Ligand SMILES: Nc1ncnc2c1ncn2[C@@H]1O[C@H](COP(=O)(O)OP(=O)(O)OP(=O)(O)O)[C@@H](O)[C@H]1O
Ligand SMILES: [Mg+2]
């Protein structure tokens, strides 16, 4: 569905996108993840023909983005970062105009608009001027506009930014349903790690215009962050013995800070009961134990040295926490 | 896929819809011309041949109202560029030229409505209507109006996110164009430089043609010159506008 080769876009001396090779197969749901300015929107804008690449090529839905722009546009849906519906229009009117733009007859456009208004719960607001709608209502209208021609391939640029948690959950359900019921291929960007985690079965991490990782969320977490066990021991002597013992666990990395041990180890939840039994048999008293699964943010931190969480301070070295 | 004509109709109808939903909006942009009509026209002396000054003044006000409304129209696009709905249109298969032409053609509708309103207001005060000539005059004005609308959209596209730039240019050009076209007072009595400047203003010929046509002088030479000037502005505006729209991203 999407195939790019060395896709590049420069703005004066900014390398917004710096040689991206991307392949997305039919039916995939892929999340592009990256800090502000990583080049996510620019990538999407090239794939949707809104801006031409500086160099490199991209085929989208079987057509070349520079030489067959109209065909690409006909076959894709795009929901951008802004509001698709003009503020001076009524929602339903905009939906019908969109339908007409994709070549639907007036009758078909009306029917499709009514269908989307219904399925996105816009019934009460569709005949009001867009400027009077709330942010969440407008966002749902944007989604409806992007879906008017039932595209086989859908691009969403930060679809849930600015939505409250309930609207966000609603939107995610919609995205999942699109994929399940219509087999729509979806490429989205997001700032919400939990969203990427729960929604996409493939996450592509972009930084400085390049792809730095591309895998399932689980594998990314396993490879780039790993599980973590935090043990707090009763005494310093206990901590010494526990450190020696846990260092023998295969593939474990142990960091010590006072009476606390941080053990990075794959498959931690299954290993902990055994470890605790061994410690007890050895006469070591464990005061507290905590097992944490890695988040995509940990992955992010490891890959880019930055946290994705908005407003989060630049990475403190986790291994030193509690030292 | 759609045809160019169908694309243009789609864009045209989309632009027109908010106007039809709220027809009162047509009156907002003509508040100033109406003030000129109410407060300026009574100051004008009757023409030497004894006819009411309105016969001379009203066609100018019809052009003025078109000038005010249409030169501002780019601000709608500017706003849509800022909110994201222009991007939404660019990502549809609508042809780029249709995005401009459809919008520019829509300007004709409020122009006609405003002209009808002005004429209707003036008839009770002794303004004589020559229907055939007036309709022909509006056809000429339509060509001018489409070109001006296209230029206003071009200005919006060029201003991108700088709203001030759009308004500065629009306001700076509006009054010199209007005064130099002899819309409020005849230019003939002015100094030589002013008359020369007026000769380079295409609007001068349009205004002269409107005066002739609204007074029923269909076969006059001014009519032909005015029509040519209007068509030239129309063609130039569309050419420049289409170019700008093709580059829009
Ligand atoms: N039109 C433009 N002109 C100049 N620079 C641009 C333009 N658009 C984007 N850039 C620059 O390109 C880089 C990538 O921007 P882009 O919008 O693709 O980032 P992003 O990953 O979408 O970020 P965000 O998460 O903030 O939306 C940034 O440094 C940005 O400043
Ligand atoms: Mg972005």
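Any Cβ shown, glycine's included, is placed from N, Cα and C.
Check TrEMBL against the ranges B:108-127, B:188-207 and you find transmembrane segment recorded for B:108-127.
Here the transmembrane segment (B:133-157) does not lie next to the transmembrane segment (B:24-44) in space: the count of CB pairs under 8 Å, restricted to residues six or more apart, is fewer than 3. A contact links the transmembrane segment (B:108-127) to the transmembrane segment (B:56-79), because at least 3 Cβ pairs that are 6 or more residues apart lie under 8 A.
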